[in-house]
Amino acid sequence: MTPSIGYVDEDENGQKSKFLRSSDDPYRLSIEEVIEKFETHLENGLSDEQAKSKLAKVGLNNLGADEKISISKILAHQIFNAMVLVLIISLIIALAIKDWISGGVIGFVVFINIFVGFIQELKAEKTMGSLRSLSSPMARALRNGVDSNINAEEVVPGDIIHIKVGDTIPADLRLVDCMNLETDEALLTGESLPVAKDHEEIYDYGAPIPVGDRLNMAFSSSIVAKGRGTGIVVATGLDTEIGKIAKSLKNNDDAVVVKVDKSLNPSTKDYLIAVIKTTKNIIFNVLGTNVGTPLQRKLSWLAILLFWVAVLFAIVVMASQEMRVNRNVAIYAICVALSMIPSSLVVVLTITMAIGAQVMVTKNVIVRKLDSLEALGGINDICSDKTGTLTMGKMIARKVWIPNVGSYLVQNSNEPFNPTVGDISFNENSPKFIKETDDELDFIPHLPSPTPILFEKWLHIATLANIASLNQIQNEMDGSIEWEAHGDATEIAINVFTTRLGYTRDKLIGDSLEHLNEFPFDSSIKRMSTVYKDKDGNSTVYTKGAVERVLSCCKYWYNPELTALSEEDKLLIESNMNALSSEGLRVLAFAQREINISKENVSNREVVESNLIFLGLIGIYDPPRPESAKSVKLCHKAGINVHMLTGDHPGTAKAIAQEVGILPHNLYHYREEVVKVMVMIANEFDSLSDDEIDNLPVLPLVIARCAPQTKVRMIEALHRRGKFVAMTGDGVNDSPSLKKADVGIAMGLNGSDVAKDASDIVLTDDNFASILNAIEEGRRMSSNIQKFVLQLLAENVAQALYLMIGLAFIDKSGYSVFPLSPVEVLWIIVVTSCFPAMGLGQEKASHDILEQPPNATIFTWEVIIDMIAYGFWMAVCCLVCFVCIVYGKGDGSLGENCNEGSDTGCNLVFRGRSGAFAAFTWCALLLAWECIHLRLSFFKMRPELENPWWKQLAIDLWDNQFLFWSVMGAIVSVFPVVYIPVINNKVFLHAPIGYEWGLAVAFTILFLIGAEGWKWFKRVYYRKSNANNPEYDLERNDPFKEYSSFSKSNTMEIV
């Protein structure tokens, strides 16, 4: 019975297009079944009526409507976060009680927070437009028996499409005919080489077939690299493989609305639970507690916590006044509440990240989403694509084996097209012997001299059975000489190798050789041959191709004399091929023979490619970037695990992973079941349930033949283990995982626009090493964020304690007099502290920042305790300063109505506020300098240097000039604020002072002494605790420790 085809009536995404639904996969069907299923005809195609009818059912062949930038959504995102909402509530209350000055200052702070965030997010906002640009604009379709070019959007299932070299495939095709057809699917599957197609292949229903292995299919947005073909359209729009990826990008995994599955006959209770969960999600989304990076979520929770603490303190204020709430009490309550809110934190954080993003541009990293920069500091797992990221994305000859001569090895070749770069070494043994021997066999750097005759014969084949070109050109910009190549990637690699040894086609042909014939590479035959005649009249056949296809044409080989090729000899050659393949190399064989053109027909391929003499093998591969191994090692040293998720074959993936250090070089020392977990094929991983994956003692380091969903599941598995994950990729197939990861990192040079749109960060040089630059900058920012969060929150703690204790100061009318006015509180929090906090955000990274473990959180116990300690000591110093002024030299008179204006009798209170304000300001500024290092003394932040303390202090302070001038400027700003008329007594509610300056300075110095004493205590404590485990660093920096330590009993069987 022929499988049926149906159409879904509704589009779950609200698009006009309707989805094709089939009961069987086209790649499992014969061509005849596909023709019948899609109601088409190979010779005539669809009729216009059929095409019109199907277009009405399935819709246009595109990926949906444009998503435009939503100004309102960006603005709402800035307003609806907990920190800003708390400030807005304070603003409303201040205006409600007609405290215009405080309300104006709070309003300005709210505006700055919203404006800065809005501008930054507007710049980063991207659309899905580039995804649609991948579609082929035109397609060559057969309709009504006539070939015609139609708009690709009008292609429908059942259309007969013709494709040729250079075409972008307009839809998913089931191939019905192809000639040497190869398609580049790197952006879709991650496969580094073009995929040879075979329309006659049919797959059974027994096992799942990854997209990259469906050789009878050609996929939408792939590019035809070689040959031509014809196919039946089996999927369009969002039903194509690329469409499925686009659909997954559009679907919001963190949907706010919880839907009820009506097919399960839900009860009223189910609907009620869904409503409760939806309401909870909406509230948490508005407050920002379940969106954004870990730091943003923690800050949102912090804002909520501080809001309720502020409410509690406000209630305490009112209770202390026996609930007699008048304007004075309300102002004091607002003042206490504001002292708990780090008003400048959001804007400082945003500006610091914006500056960090500008710095990253100089390090080949473009930050699309500022949030991700802070998030990089906490990354402890990187899932990386292979092709073009860890590797160069170009092919290089790695090894050559000539029987009875030995093996040649190419090393240090980091310029694929440059034959002058790199070293060739030699070993007289075969690849099989080198692999199997227990001895360390070194390759000697000197090649045999003179060149062995068999190697010379092989070089002639490699040079003449090759149509790739290699040329030197002059760079127009700087005049330097560069190498460029044209042709098949495999042939270019061989050409570069032979040119390296002085063998080029022009030199060999010259005036001595005549090209008689050529049989091009055919995907069904998998070999190519050329025939040349020399000036003596002798003709020679030169052949190269897939090992099994060349061996089938060979009758002889040299062992060491020319001898017949037996079955044992072929098995030996195949074992050497397997040895090269196990290293991740693509292996080709080479053969030749002399041909008598007077007796044999050189136009007959079967005749020419017979009775050949086998001469050797070559192994080529896409080599790792020179810096990849070092970068992976640094990642391990930084406590970051690196996983390779690639569409390539297992052998290639495993070999590259070992070469760059993702897998241990001594993999043979590990038990078989451990290696099975370390290296898995996507089908193995995908066959496991989430529970089975979670029960694995460790997650795989390498997964080969990855489909997009495999990468997403790997990231989800890491998330379930509490990991913070970065994902790198360049292809369309990487987009869902880039979006799913905590930080998505796309390639800028060769990456698809789709991947860039789904990413948070783009590498402009496609270099894995640049990820380390991003992580280093992320860690620097996380460290600096920790510093200014400590500075700002310690000030909040100090002000809250100061004002709460200040409730004890009761004036003549029985109301509390606040020892700092609301504007003084806001001035210290917003103006005085804001710029030094930005300065802390620009601190340079410590020299060992990549040798430290990832920053799991900003709010460590050390930071929390520091916050309380510094805040308490600052409050004590400033409160004692106020008391000394009012009750020491003063008579203790607190006047009346001093919270609103400078009435009679308020002079002493105003002078006390001025002294305390100066002390508070200067203590806060010194705290900024103290926060440069959480433990080291302010006077010796670099103990490894031998400079005198005063000289080193001057160097350290001047090193961050923004922070230096911010602190100095804020120190000086106290004087005009205290002395300028009207501003002092009407706005700040304080008065000019004299001897009180001395007290302010004295208590500032006392705060500095206390802070230094606290740091000294911490250094002693951590020195003792860190001395307990001297081998900790060695254990922490062993990336494979957990793989080598889990026992056989808790290892899961992988089948």
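Glycine too: its Cβ is placed from the backbone N, Cα and C atoms.
The active site, 4-aspartylphosphate intermediate annotation in Swiss-Prot covers ASP385 and is backed by similarity to another entry. Within 10 Å of the Cβ of ASP385 (active site, 4-aspartylphosphate intermediate) there are 32 other Cβ atoms, across all protein chains. In the three-state DSSP reading, ASP385 (active site, 4-aspartylphosphate intermediate) counts as coil.
The ATP binding site feature in Swiss-Prot is assigned to THR387, GLU491, LYS544, ARG586, THR646, GLY647, ASP648, ARG705, LYS711, ASN733; the stated evidence is similarity to another entry. In the structure as shown, the Cβ atom of LYS711 (ATP binding site) sits within 10 Å of 29 other Cβ atoms.
Among the features that Swiss-Prot reports, topological domain 'Extracellular' is placed at 95-99 (among others).
Residues or ranges marked as topological domain 'Extracellular' by Swiss-Prot: 320-328 (among others). Secondary structure by DSSP for the topological domain 'Extracellular' (320-328): 3 helix, 0 strand, 6 coil.
What Swiss-Prot lists as topological domain 'Extracellular' is 811-816 (among others). Residues 317, 320-321, 324, 326, 328-329, 332, 894-899, 905 of the same chain lie 6+ residues outside the topological domain 'Extracellular' (811-816) yet bring a C-beta within less than 8 angstroms of a C-beta in it.
Using a Cβ-Cβ cut-off under 8 Å and counting only residues 6 or more beyond its ends in the same chain, the topological domain 'Extracellular' (888-913) has close neighbours at 327-328, 331-332, 809-813, 815, 817-821, 824, 882, 985-986, 988-991, 993, 995-996. As annotated by Swiss-Prot, topological domain 'Extracellular' applies to 888-913 (among others), with the evidence given as a curator's inference.
Sequence-distant neighbours of the topological domain 'Extracellular' (984-990) (same chain, 6+ residues past either end, Cβ-Cβ under 8 Å): 101, 821, 823-824, 827, 898-899, 901-902, 910-911, 913-914, 917, 977-978. What Swiss-Prot lists as topological domain 'Extracellular' is 984-990 (among others).
Feature annotation from Swiss-Prot assigns transmembrane segment to 74-94 (among others).
Here the transmembrane segment (100-120) has long-range neighbours at 74-75, 77-79, 83-84, 87-88, 90-91, 94, 331, 334-335, 338, 343-344, 346-347, 350-351, 353-354, 370, 822-823, 826, 830, 987, meaning same-chain residues at least 6 beyond its ends whose C-beta is under 8 angstroms from one of its own. Taken from Swiss-Prot, the feature transmembrane segment covers 100-120 (among others), and the record attributes it to sequence analysis.
Outside the transmembrane segment (299-319) by six or more residues, the chain places 81-83, 85-86, 89, 287-289, 292, 325, 329, 332-334, 336-338, 340-342, 345-346, 349, 796, 800, 804, 807, 816, 859 with a CB less than 8 A from a CB of the stretch. The feature transmembrane segment is assigned by Swiss-Prot to 299-319 (among others), with sequence analysis given as support.
Feature annotation from Swiss-Prot assigns transmembrane segment to 329-349 (among others); the stated evidence is sequence analysis.
What Swiss-Prot lists as transmembrane segment is 790-810 (among others), and the listing cites sequence analysis.
Remote same-chain residues near the transmembrane segment (817-837) are listed as 99, 101-102, 105-106, 109, 331-332, 334-335, 338-339, 341-345, 347-348, 788, 791-792, 795-796, 799, 802-803, 806, 809-811, 879, 882, 894-895, 898-899, 909, 912-913, 916-917, 920-921, 924-925, 928, 962-963, 966-967, 969-970, 973, 977, 987-990 (criterion: CB distance under 8 Å, separation of at least six residues from the stretch ends). Per Swiss-Prot, transmembrane segment is recorded for 817-837 (among others), and the stated evidence type is sequence analysis.
Residues or ranges marked as transmembrane segment in Swiss-Prot: 867-887 (among others).
The transmembrane segment annotation in Swiss-Prot covers 914-934 (among others). Same-chain residues lying 6+ beyond the ends of the transmembrane segment (914-934) with a Cβ under 8 Å from its Cβ atoms: 786-788, 790-791, 794-795, 798-799, 802, 819-820, 824, 828, 832-833, 836-837, 839-840, 843, 862-863, 866, 870, 874, 877-879, 881-882, 884-885, 941, 956-957, 960, 963, 966-967, 970-971, 973-974, 977-978, 984, 988, 990-993, 996-997, 999-1001, 1003-1004, 1007-1008, 1011-1012, 1015, 1018.
The transmembrane segment annotation in Swiss-Prot covers 963-983 (among others) and is backed by sequence analysis. Counting only same-chain residues 6+ beyond the ends of the transmembrane segment (963-983), those with a CB under 8 A from a CB of the stretch are 827, 831-832, 835-836, 838-840, 842-843, 914, 917-918, 921-922, 925, 928-929, 932, 957, 990-993.
Of all Cβ atoms in the shown protein chains, 26 besides its own fall within 10 Å of the Cβ of ASP648 (ATP binding site).
In the three-state DSSP classification, LYS544 (ATP binding site) falls within a strand. Between the alpha carbons (Cα) of THR646 (ATP binding site) and ASP385 (active site, 4-aspartylphosphate intermediate) lies a span of roughly 5 Å. Taking every pair among THR387, GLU491, LYS544, ARG586, THR646, GLY647, ASP648, ARG705, LYS711, ASN733, the residues listed as contacting ATP, the largest Cα to Cα separation comes to 37 Å. Listed by sequence, the residues of this chain that lie at least six past the ends of the transmembrane segment (991-1011) yet keep a Cβ under 8 A from its Cβ atoms are 870, 873-874, 877-878, 880-881, 884-885, 889, 902, 907, 910-916, 918-919, 922-923, 926-927, 930, 938, 978-979, 984-985. ASP385 (active site, 4-aspartylphosphate intermediate) and ASP648 (ATP binding site) are 10 Å apart (CA-CA, integer value).
Secondary structure of the topological domain 'Extracellular' (984-990) per DSSP, as helix, strand and coil residue counts: 4 helix, 0 strand, 3 coil.
Reported as a whole number, the C-alpha separation between LYS711 (ATP binding site) and ASP385 (active site, 4-aspartylphosphate intermediate) equals 10 Å. Note on the topological domain 'Extracellular' (811-816): its mean pLDDT in the predicted model is 79. Note on the transmembrane segment (867-887): residues 790, 793-802, 805-806, 809, 819, 894, 908-909, 911-913, 915-916, 919-920, 923-924, 927, 930, 996, 999-1000, 1003-1004, 1006-1007, 1010-1011, 1014 of its chain, located 6 or more positions outside it, place their CB under 8 angstroms from a CB of the stretch.
When Cβ-Cβ distances below 8 Å are used as the criterion, the transmembrane segment (329-349) is approached by residues 81, 83-84, 86-87, 90, 93-94, 97, 99, 102, 106, 109, 112-113, 116-117, 299, 303, 306-307, 309-311, 313-314, 317-318, 321, 374, 785, 788-789, 792-793, 795-796, 799-800, 802-804, 815-816, 818, 820-822, 825-826, 829-830, 833-834, 837-838, 841, 899-900 of the same chain, each at least six residues removed from its ends. The two recorded residues, LYS544 (ATP binding site) and ASP385 (active site, 4-aspartylphosphate intermediate), show a Cα separation of 31 Å.
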